[in-house]
Each structure stands twice: as structure tokens, then as C-alpha cells.
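K.L.:
Let me give you the structure first, and then I'll get to my questions.
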């Protein structure tokens, strides 16, 4: 009888050798994808402008993950922070990609070997002579090894004791670099934006995993617990493994979308909440105010704003602006950023400074409204000019730029003023090259958005998978109609009363 496509995994249900083979093949596929994807991204990645055309604007997905773990140089002679590199070393982007591909090939061969030589003595129960796995013991081994890896990452890789450290930056994503991180053992270690928490939590979790692994290797589960949780059933392993995966997927979806020390904005782009809360705008105004307090002119104060900080304060870098089903990188949407034009300051004919209301995240269009410092509407771009009271022409609005390429330039032509007012809705104004990539002008999401969507979606699917397989293994007797603990064959003649074990016939 042929199996339907959704039942094919039953062939490894009672076959430990081939169960191992398919898992090794799965590892080969994952490692092979990672290495191949890294090489593809390196082939299309342009490292020439890390400020206005960073990896997240170009839609890079695996390069940011390598970078946050300490890989910053390429055999192509460039570094992720700019400049040329003479000796990138073996653990460059290409070196890591190649290692994954070699590892994938070895796993591929190992999977084939274990598929062919499936009937190994190690998988045979000495008492019964049938294929069998000591699942509680295997659980202990896996827990111990995972604990060692977790502890090693936190104690050696992150701290720099034996490793490069991790990517660490300031709260505004301006000074990021790979550096050693000391564990944070105090309450500050629970702050998701404190890098020291990464080291301390991995050390603590790894220690717990090692101890728990040793416990499960040395202590057998009680019979009642073993039977109650179906510890001898491979589908129990599947169910609990799926639970671990969906839980991890939900966690990383949250740390990616809301931001954390593990997802620096220099590598994955800003979060939508930084736009919603005017996070970068407030920092820019704070710096300008500090400059003015030091007797700098408005032009000097704005000219000292880093272009990188101004670029974060642009709605096109908001991951929630791009539709989930708009394929392509951010550069394919609004174009490649070329330069900051400067900060526009609008004034009416009475000399009041006016502020353009910024577009909220989930609006595609938004009325152009200019308010004064008290929040009173002073000018707008009306829908119906016949009924307008605050049009740019009537109010006599002018615009002057401070900092950037248009520093010191002013305009009083209403058409030009309205053009820059519309663009000021989107945050700081940048010159964007749409010709190079034939960009269509429609916003795209960043890798932060794609990662979150993918992991949240799969976490939901895996959650239902956990419920499904957990129910199947816990209630196997109900679904199959067979009590797994029934040790006597229920047949006519075995008992005086059919099915009643208390009336078993005595053999004379």
C-alpha cells in the first residue's frame, strides 16, 4: 500500500538507523542553505557605503547574523565598517560560508551511509533483539551537549576569552563594532538591550543544561512518569522538540521586532517603534539644542548631526512601511540613498517656525499640515483650494535648509515649498537614486520585518504541530482503540468473563 505524502514519515517511526539518517540530512540541508545563501549575498552585496547603503537596506539576511557574531571582513578585501582589509583571516564571510558548505557535504555523505547501513547493533535492544532507542538517555546526552555549547558560547565566544566577541553599539546605532563583552550578573543583565546579559544568560543556561543533562544520564525516570508521559514513544520526542522550536521562534520574533542587544539596528535596521516614538528625531533635536547652547549657529549645529543618525530618522527605513508581499530589498523600493539634503525649517510670513506633521506608520497618504510650536495649525496643502484658509500661498510659507547638501539654501516659491513639505512628512529628506535598480518608489520592509513575519508564522504552525503530535502520543490508546498497557490478549477463552482480567482462567 502506498503512503500519502503527509504520512511518509511513518517509515522512520520504528527504524532508529534511518531516523538518524533523515536528521543528518536535514542538518545538511540547513547548513548548505546557510552557506549558499551567504555566498549569494556576498556576490550581490555592495559594501561601498555602510552609512547610506548598509546591509539591511540591500536586503541582506544571513550577513547580519554572521556580523553580530564577530565576522566583519571579506576575502574580497573589504570590511563591513568601511575601508580596505589586507589580512581578513580564515574566518571571513567567505570562510564561514565555505565551512558551512563543507559541513553540509559531510553531513550529506553521513546521511547516505546511515540510510544504507541502518541495521546497526547499537540500535538493537539486547533483551528483545528488536530496534530500540533509550530515549531518556538520549535526552540526557543532547541536553548535556547543548549545555556545553551554550556555556562555551557565553563564556568564551562572547567574552573574547577564546573568540571575537559580538557586535555592540550605542542606543542610536552610530558606533557599532565587534568587541568583547563582560557578563552582567546584576539586575541590569535582564535588560534586553544590555549586551552583558547575552554572556551571563548563556553561561547560566549552559550550566543548568550541563547539570540537567548529567541528572538525566544518571537518574532513570519513575515507571509511572515514564508511562504517563509516553517517554518510550518517538512521537513524544517529536512533540516536545516541536515545542522547543516554536517557543524559540516566538522569542526571537519578539526580540527582532521590538529590538534588543541581539538585533542591533546597524545590522537589521531600525524598529517601527523608533519611528512611532520619534526616537531619532528627539536625539537629533537634543544634539542641536546642545550645539545652540554652546553658541553655535543653527547651521553649525545641524551640520554636526551625523548623516547616519539623520538617515535612521526617515520613514523609508521603518520595517512596518513595506508590505509583507512586496518582494525585494528596501533599495528596490524608494531607491539607493545618495545624500542628506539637510533639515528643512519652515516659517510663515510672521516669522513663526512651523513643523510638518509626520506620517504615521500605517498611512499610505497623509494630509500635509504645518503647526507652530504650540501645536496650532498655521498652514497646509489643501485638498480643495477654493475653500482653503491656510494654504502655503496664503500664509506665505518659506523653507530654509540647515546641514546636509542644501545647507543655507532657502526657497519661497510655493511649489518648491510644498514639495519639501510633502517630503518632510517622511522624516529627514534624502536624495534617492531610483534609476540604478529601477526602483518603483513603493516602500519595502527590511530583514527585520521578514525575519519577524517568517518566525512568527512558523511558530504558530509549529504550535499547532506540537498540540497535534502531543495529543497523538498522549491519547494514542484512544485514537487507536488499543490500551498500550494491556499486556494480555483479550480473546475468547482467556477469561471467564471476556475482557475482565480478574476472572483469568487457571491453566491446569
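The backbone N, Cα and C atoms fix where each Cβ goes, and this holds for glycine too.
So Swiss-Prot lists these for the protein:
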TRANSMEM  21-36  transmembrane segment
TRANSMEM  101-115  transmembrane segment
TRANSMEM  140-156  transmembrane segment
TRANSMEM  203-218  transmembrane segment
TRANSMEM  237-252  transmembrane segment
TRANSMEM  457-472  transmembrane segment
K.L.:
To the transmembrane segment (140-156), which of 101-115, 203-218, 237-252, 457-472 is linked by the most Cβ pairs under 8 Å?
P.N.:
203-218
K.L.:
What else in the chain is close to the transmembrane segment (457-472), if you only count residues 6 or more beyond its ends and a Cβ gap under 8 Å?
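P.N.:
Answer is 235-236, 238-240, 242-243, 245-247, 249-250, 253, 479.
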K.L.:
Counting only residues 6 or more past its boundaries, what in the same chain has a CB within less than 8 Å of a CB in the transmembrane segment (101-115)?
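P.N.:
Distant contacts of the transmembrane segment (101-115): 17-18, 20-22, 24-25, 27-29, 31-32, 35-36, 39.
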